[in-house]
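Features of the protein shown, as given by Swiss-Prot:
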ACT_SITE  Cys175  active site, acyl-thioester intermediate
BINDING   Arg77, Gly78, Gly79, Gln80, Val81, Thr82, Tyr83, His84, Ser144, Leu145, Gly146, Gly157, Leu158, Ala159  substrate binding site
DOMAIN    38-213  domain 'BPL/LPL catalytic'
SITE      Lys141  site 'Lowers pKa of active site Cys'
Amino acid sequence: METVASTQVQTLIVRRFGLVSYEPVWRAMQDFTQQRDAETTDEVWLLQHEPVFTQGQAGDAEHVLFPGDIPVVQVDRGGQVTYHGPGQLMVYLLLDLRRLKMGARDLVTMIENTLVDTLAGYGIEAHARKDAPGVYVGDAKIASLGLRIRRGSSFHGLALNVDMDLEPFLRINPCGYQGLRMTQIKEFVPDVSWASVADAWLSQFVRAAGFQSVVEQRGLPGDE
């Protein structure tokens with residue numbers, strides 16, 4: 001007989017948003033994680049953000065060089081400062097790691113592998129680095145990771161540069177690394193579409209995490 005727990009681990013809810021501001025989504029992630037219990041179905045949120053710099057818990061103000069007209073938001077994820085903006089694939093991973101039988105390091109490795117495999121599908125040879133989380137093409141960073149684990153559940157996630165204005169990265173030391181060069185899929189695949197990359201990554205993730213079914217829902221949790 002199938003139990004509630006086994007049903008939850010087999011199903012993933014996916015929510016897709018348009019271009020949205022950062023703080024309402026961040027607060028919704030916090031609320032979802034605080035309220036979830038052992039029977040809460042895992043979720044993945046796919047979206048783009050209006051321009052914003054986010055400063056992680058380990059963030060040092062000296063890495064924010066000249067933000068100009070782009071707001072800087074102090075947040076509760078790991079890592080240093082990064083930039084989010086239109087044309088970047090944001091993925092928020094709201095997962096019960098205990099149910100998935102994963103530790104934080106396992107999750108990071110899985111995310112990096114799904115990104116490398118997604119990029120390979122576009123003919124881009126990418127790799128992870130042991131000394132600096134994220135995914136790189138040569139010495140240029142194409143995807144960033146920043147997670148928080150609370151009561152065995154993850155939130156925040158990853159940012160993959162697809163087709164965006166990279167100039168704002170020059171206003172910071174990305175992820176705390178002075179002079180770190182950023183790149184994006186468009187530099188290798190000029191006609192790339194954000195939606196196709198989102199679908200390609202999602203397929204890799206569903207397979208890697210072992211979900212058996214995907215349910216698409218609209219709006220933030222509680223808005224249905």
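Each residue, glycine too, has its Cβ placed from N, Cα and C.
Lys141 (site 'Lowers pKa of active site Cys') is 14 Å away from Val81 (substrate binding site) when you measure Cα to Cα. Cα to Cα, Arg77 (substrate binding site) and Lys141 (site 'Lowers pKa of active site Cys') are separated by 19 Å. In this view, Ser144 (substrate binding site) is surrounded by 23 other Cβ atoms within 10 Å of its Cβ, with every protein chain counted. In sequence order, Thr54, Gly56, Arg77, Gly78, Gly79, Thr82, His156, Gly157, Leu158, Ala159 make up the list of same-chain residues 6 or more apart from Gly146 (substrate binding site) whose Cβ falls under 8 Å from its Cβ. Here the recorded positions are Arg77, Lys141, and the one whose Cβ sees the fewest other Cβ atoms within 10 Å is Arg77. In this entry, substrate is bound by Arg77, Gly78, Gly79, Gln80, Val81, Thr82, Tyr83, His84, Ser144, Leu145, Gly146, Gly157, Leu158, Ala159, whose most widely separated C-alpha atoms sit 15 angstrom apart.
Each residue contributes its Cα atom, and for Tyr83 (substrate binding site) and Lys141 (site 'Lowers pKa of active site Cys') those atoms are 12 Å apart.
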